[in-house]
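Only one structure is covered here, and it is reproduced in the block below.
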Amino acid sequence: MAGIKLSSNAIKAIISGDLNAKPLVQVMEMRQIGRQERFRLLISDSIMTEQAMLATQLNERVKSGSIRNGSVIQLLEYICSSVQNRKIIVILNMETIMPECEIIGKPIMQVPDTSVGPKLLPGNYNKLISQNFRPVVQPSYQPPPSYKNQGAIMKNDAPARIIPISALNPYQGRWSIKARVTAKGDIRRYNNAKGDGKVFSFDLLDSDAGEIRVTCFNNVVDRFYHTLEVGRVYVISKGSIKPAQKNFNHLKNEWEVFLEATSSVDLCPDQDASIPHQQFAFRPISEIETAENNSILDVIGIVTGVNPSVPILRKNGMETQRRNINLKDQSGPSVELTLWGDFCNREGQKLHELIESGSNPVLAVKAGKVNDFSGKSVGTISSTQLFINLDCPETNNLIHWFEQGGKDTVAYSISREAMPGGSRNEIRKALSQIKDEGLGRSDKPDWITVKATVTFVKTDTLYYTACPVMIGDRQCNKKVTRSGNSTWQCDRCNQEFEECDYRYLLQVQVSDHSGLTWVTAFQETGEDLLGCSAKELNLLKEEDDPRFSEIIKTCLFKEFVLRLKVKEETYGEEQRVKITVVKAKRVNYAAESRYLLDLISKCRYIK
């Protein structure tokens with residue numbers, strides 16, 4: 001705000017008859033007129049000054065202190081009247097831009113002509129304000145010749161000059177920008193104290209590399225959502241310019257445009273070739289390791305692996321898709337990119353087919369979000385854009401590097417198995433470190449990864465009887481008890497049913513080179529350890545099938561990579577550290593060898 005500029009020569013334009021602009025002026029002096037509820041101002045446009053009066057409906061602004069000497073204000077509605085041969089600007093509506101500011105410029109103080117009429121002193125003003133001010137008929141305002149034939153006609157018959165996006169600010173009354181739509185979000189619906197509504201946003205890029213986000217609400221959504229197309233160039237005029245909401249807006253612009261009912265969006269027939277289709281600021285993968293959590297960045301890399309798409313249940317009960325992709329570049333490490341929702345079956349499936357065909361495509365990610373939950377990874381958000389084999393120098397450099405030996409270089413992963421709460425260099429821990437480091441005793445749980453061998457499984461508490469009733473998209477899973485000889489009862493659902501479900505509640509002893517400990521494994525991880533469902537295992541046990549013992553024995557003395565949640569809990573009056581298995585995978589020795597090579601490579605980079 002220190003570099004704020006007033007609307008030079010605005011006072012001269014107002015006196016000449018231009019009452020449609022929304023100029024920025026500064027209050028040089030403010031006085032109350034006698035005992036009446038009227039206020040006289042001396043305003044400046046940094047070049048000259050002029051007398052003004054506030055309409056009575058604006059008196060509260062003075063009483064609240066939002067208007068005072070030095071304030072920078074924007075005139076929204078006003079008239080110019082002639083009182084005692086002197087022009088007076090009557091301010092009908094205005095907005096305070098800065099409540100207080102040092103004097104801007106060196107305005108010329110206008111001295112009243114004392115030869116005609118009384119002096120404009122407070123006593124005389126008392127008499128003047130009792131008169132009915134009648135706006136004088138101003139001569140019609142003729143726009144300069146340079147305004148002709150340059151676009152849509154604005155309110156004062158003069159088109160708004162097309163300006164760069166970088167020049168936009170809230171203090172402009174009229175403006176137009178010419179830019180290409182680089183991204184367009186979906187319509188989102190919301191509900192708040194004002195009722196239901198809908199909103200969507202789109203991003204613009206102009207020929208000067210300026211970017212800005214534009215947001216539309218409710219009826220404005222209906223006007224423009226189906227009109228706008230990504231990649232097309234438009235001239236956009238009129239709208240409110242407000243501070244960008246950085247929680248939702250990653251563009252490097254402190255302002256954001258909000259379109260209104262009077263806004264216009266016109267397609268440019270020439271589709272200006274000087275405006276690029278997209279703008280990137282690629283970061284090397286090595287820099288992602290030190291990037292802040294939740295930061296937004298662009299990254300480009302060679303795709304070295306694509307995992308299958310899997311369904312994920314969100315916290316709100318809705319199901320979505322997730323697919324993980326591995327990227328590497330010349331900077332050394334590799335990173336995991338997580339695709340969510342439609343990205344999985346669109347770009348994700350195309351990448352999967354390219355990998356299956358033996359190709360290693362280059363993927364450019366625009367506006368990916370950094371996540372530090374599992375080491376450092378990058379995930380897609382609603383405004384993310386993915387480009388496969390983008391035609392740019394970075395793609396060509398990556399392909400050349402990959403073909404000249406980059407394919408065979410070992411890249412340590414900055415995403416693999418690194419857990420919150422620990423250094424990224426401590427990818428795994430030994431079992432003895434759980435006790436030695438006091439893991440799990442803080443307010444939040446600790447997450448660690450260990451490679452351990454299953455040495456014992458308690459067979460008297462393998463599973464429990466669970467409620468099979470579906471509540472929405474989820475199964476109840478509450479423990480049920482016998483109700484008579486043939487039915488089961490759930491106290492939570494208050495229902496009875498003939499058959500119950502069975503869910504794992506395994507107590508397993510695991511050990512590594514440093515010691516041993518007991519862990520608990522629930523349904524999914526129990527199936528990973530034993531290789532069958534709890535219901536199938538119960539059936540074998542009830543039938544005294546010898547396969548029951550074989551399944552238990554098959555699990556023993558096998559090595560697993562276990563992801564553990566360590567948290568202290570209270571049992572009665574005793575506090576214990578509970579260790580829960582949240583993921584279990586049989587050791588893949590080829591993958592384990594690559595992991596060890598990654599560690600060696602990582603040590604070399606650290607050195």
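Here the Cβ of each residue, glycine as well, is placed from N, Cα and C on the backbone.
Taken from TrEMBL, the feature domain 'Replication factor-A protein 1 N-terminal' covers 6-98. Residue counts for the domain 'Replication factor-A protein 1 N-terminal' (6-98) by DSSP state, with H, G and I taken as helix and E and B as strand, are 15 helix, 47 strand, 31 coil.
Under the heading domain 'OB', TrEMBL lists 177-247.
Per DSSP, the secondary structure of the domain 'Replication protein A OB' (285-389) breaks down as 18 helix, 49 strand, 38 coil. Sequence annotations record features per position, and here TrEMBL assigns domain 'Replication protein A OB' to 285-389.
Positions annotated as domain 'Replication factor A C-terminal' by TrEMBL: 447-596. Sorting the domain 'Replication factor A C-terminal' (447-596) by DSSP state (H, G, I as helix; E, B as strand; all else coil) yields 34 helix, 74 strand, 42 coil.
Under DSSP, the residues of the domain 'OB' (177-247) split into helix, strand and coil as follows: 6 helix, 40 strand, 25 coil.
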